[in-house]
Structures are given as C-alpha cells and as structure tokens.
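Notes to accompany the following structure.
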Amino acid sequence: MESTDKVVETVIVGNYVEMESEGKPNNNNDIKSKFSNLFWHGGSAYDAWFSCASNQVAQVLLTLPYSFSQLGMLSGVSFQLFYGLLGSWTAYLISILYIEYRTRKEREKVDFRNHVIQWFEVLDGLLGKHWRNVGLAFNCTFLLFGSVIQLIACASNIYYINDNLDKRTWTYIFGACCATTVFIPSFHNYRIWSFLGLLMTTYTAWYLTVASLLHGQVEGVKHSGPTKMVLYFTGATNILYTFGGHAVTVEIMHAMWKPQKFKAIYLWATLYVLTLTLPSAASVYWAFGDLLLDHSNAFSLLPKSPFRDMAVILMLIHQALPFFITFGFACTPLYFVWEKAIGMHECKSMCKRAAARLPVVIPIWFLAIVFPFFGPINSSVGSLLVSFTVYIIPALAYMFTFKSAAARENAVEQPPKFVGRWAGSFTINIFVVVWVLIVGFGFGGWASMTNFIHQIDTFGLFTKCYQCPPPPGSPPSFLPHVGAPRPSPANITHHHHL
C-alpha cells in the first residue's frame, strides 16, 4: 500500500522533483555559494510566507487609518477580518488551479525549468483563450497600478522627512530608483528582501500604534464615521485592496521547491498581517479621528521624531529603493509578461533581459506623476481591478474548471471536509462572486471613482504636491475629500504644528 501511494504521488506532482533540484541551492562548500544560497536562492515554504506577508501589507498600512476615518471603528475592524478571510480563500483557489494546471501539463511532458508559470497561462490551460485574455487584462492593469501606488507612496513618505523637494520631484527620483528592479531575475531571488521587508513593516506598524497611544487624542477629537455612503464604500474598497495582494500568488508558488505546500501559507500570512494592521489603524484613528479624512498618509499627523523618521525610511526601503521589495513584487510579473510578448523570457543573459524590461517602468513612472492621489487611488484600484483579479475571476474559474463530475473526480486536490467538499466550496464561491460584484465593484466602484474624480477636480492632474500643508500664514491649499466636513481653523493650525 505504501509503495502504491508513492507511485500516485509521483504521478500527481509530475516533475516537481526535477524542479526542486533545479531550484534548490547546490551543496557547494565555497563561501560565495553559501552566501548566495543564504540570501539569494529562496524557494521554501518560509520564503513564500515572507513574500506573501511583506507583499500584502506594504504601503497600505499607512492608508488604513484613513479608511477607518471613513468607515468608523467597528466597520473598519469587521471589514479587515472579513476581507482577510475572503482573500485567504481565493488565494487557496488560485493555488489549487495552479497545481491542477501544472500537473496536467507535466503529464504531457511540458518542462517549466526555464519558464515561469503565470495566472493568465493557468486560465488558458484550464479554460481557454477567452479566460486567458480577461485574466491577462485585469492582472496586468492591476499590477501596473499597484506599481504606480508604490511610487506615489514613496514620494508621499519621503516628503515628511525632507520637504525641500515637492512630492512630484520625489516621484521622479524614486522612479529612477525603482527601475533597478529589472535586474532581479525572479521570485526565487527575493529571500532576504522579503524577510527584511516584513521586519520593516512590523516596525512601522508598531511605531504607528505606540506613537499614537503616547500622543493621545488631539483636542476636540471627533470620530464621526461613517457619515456618507461615498466615504464608507471608499474605505471598504481600500481594505478590499489591502487583502487582495495575491495577484502574484502563481509567481510566488512557481518559485517554491514544493508548490503543493502553498495552500495554507496565505492564510497564515494574513493572520500575521492582521496583528499589524488592526492595532495600528485603530490606534491612529483613536488619536486623530476625523482629521484623517484629509490626511490619507498616517505619517502626516504624527509629530516629527527620530522614531517616525526611522519608520518612514524603512517604508521607503521596503517600497522602492534599488533591489527592494514591493515595487519589484508588483512589477516582476509584468516583466515576465513583457518578456514573453517580445520573446526574451527564456534568454540566459540577465543583462539583455534587464534592458528588455526597462520599457515597462516608463508608463508606471508617468502614471504616478499624473495621478498622485495617495489613498483614493488605492480604493479605485481595489474596486475596479482587485475585485475581479483576485476575487471574482478565481472563484468563477474554480467553478468552471470543476463543473463536470469527471473533473471533480479526477481533481488533483479535493476540497477540504470542513468547507463541505465540492458543494460547500461552490457555495462559498458563489457568495464571494455576488458579494464582491455588488459591494466591492458596484458600490465600491461608484464611491471610489466619485472620490477619485473629486481629487482631479480639486487638485488637477500632475499636481505638484498632493495634500501638502500650505506655508504658514497662507490659506489652506487642499480641500477635504468628497463628502467630508471642512477642517476647522483649529485643526488646520494643529496640522501646521505637526
């Protein structure tokens, strides 16, 4: 019986053993190899966990207090828990579809050692070209704007350390820095960066928590939220975006030595992320209340200190400096798509591949300068792109892939008992599709685009310094978000002081 099980396992996993030996570091004893293996070649379950967790939280950590001011404390906490669970479920679905696709292909003797599998290829292999085209369009657009948001976040953050340059100029600078991510070959090579990235965001989250509690509540603090539907659903879609970071799930899985171990990794990553996002968002909202409606970056309200500067610097490193983390996470799948489109994906020369990747960075750079609306752009991307890319499409793809009895019977991975097997998993998927379509895309899209258009009407495109405080003695240069009350003179004075 034991030998039979081993045969079945070999059939199921196909060439995973070959991939493991190809992806794993070698046993060479020289110092250079050991150093490279320790910091560069990552493919374990722990590497995947660090990648998922550090990619998921990132700069959204700084906009969650802003979302709490729109939602109120109760809804803010509830939506984080709810969308965290929903995101973990759909990441699980993506992992199952990846295993199904890869196993089928490897039974056909397809070799993936020089090819990175991506989500649109999984859809193509399982459901055909129409699904591939829809998945490719949503995924690439989401990753494009995800990269844009990283640049905007960098410029917004560094401004609170050095305001001698406006945010637009800082965007030019960090755009050049981010271009260096073209030299990172794949997600195999994010081991040390993922680990450091999670340390950085952990520090920042607890800095926000402790600093807000020590600062205490500002004089006359108000916690009015929720007050307007447009604000409520804008905040909800920003949280939808927070837990929709699994657009790169397939690429992270493919970088693993044993991809079949991924299934629960995203859930464990989400649970850790909640220990960062819930205390920090709740504490900042408790301290500053409605002031956050006009300050989408949490750093803008906390007083300048060495601890705040350290948090800003760490978030900057995490987001964009050369070879660092979140921008590369969002952009690397785009690099792969572009390489495949121009026939460079299997090129052995990393220098040639890096040169071929550069055109991908240019539109990202340009869009970050055109739409510098940190906070509102997160909600817009969440409602219009994340809702389909990582919630609706995976749930529908799972149901269509396994709609026939034969497909369910021959599935590589059966649904777990605790969700009710196939009937339970299909029921959950129908709920995900209906909820996200109506609440996330429908109400969320309406609210986010209303707010986003309001930012364009108020500040204009290519604005030089979005939500920057006016010089002392001059009238305020910013207007509140749509539906929000105007700040009182006392609040404006307080902002200048900070």
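The backbone N, Cα and C atoms fix where each Cβ goes, glycine too.
The feature domain 'Amino acid transporter transmembrane' is assigned by TrEMBL to 41-437.
The transmembrane segment annotation in TrEMBL covers 81-99 (among others).
The feature transmembrane segment is assigned by TrEMBL to 136-158 (among others).
The feature transmembrane segment is assigned by TrEMBL to 170-188 (among others).
Feature annotation from TrEMBL assigns transmembrane segment to 195-218 (among others).
Residues or ranges marked as transmembrane segment by TrEMBL: 230-253 (among others).
Per TrEMBL, transmembrane segment is recorded for 265-288 (among others).
Here TrEMBL flags 310-337 (among others) as transmembrane segment.
With a cut-off of 8 Å between Cβ atoms, the residues of this chain six or more beyond the transmembrane segment (358-375) that come close are 63, 66, 144-145, 147-149, 151-153, 155-156, 167-168, 171-172, 175, 178-179, 182, 238, 296-297, 331, 334-335, 338, 452, 455-456, 459, 461-463, 466-467. Here TrEMBL flags 358-375 (among others) as transmembrane segment.
Annotation source TrEMBL lists transmembrane segment at 381-401 (among others).
Long-range Cβ contacts of the transmembrane segment (422-446) within its own chain (Cβ-Cβ under 8 Å, at least 6 residues beyond either end) map to 86, 89-90, 93, 229-230, 233-234, 236-237, 240, 379, 382-384, 386-388, 391-392, 395-396, 398-399, 402, 408, 415. Under the heading transmembrane segment, TrEMBL lists 422-446 (among others).
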Ranking 81-99, 195-218, 230-253, 381-401 by Cβ pairs under 8 Å to the transmembrane segment (265-288) puts first 195-218
Stretch of maximal Cβ-Cβ contact with the transmembrane segment (230-253) [cut-off: under 8 Å; candidates 81-99, 195-218, 381-401]:
381-401
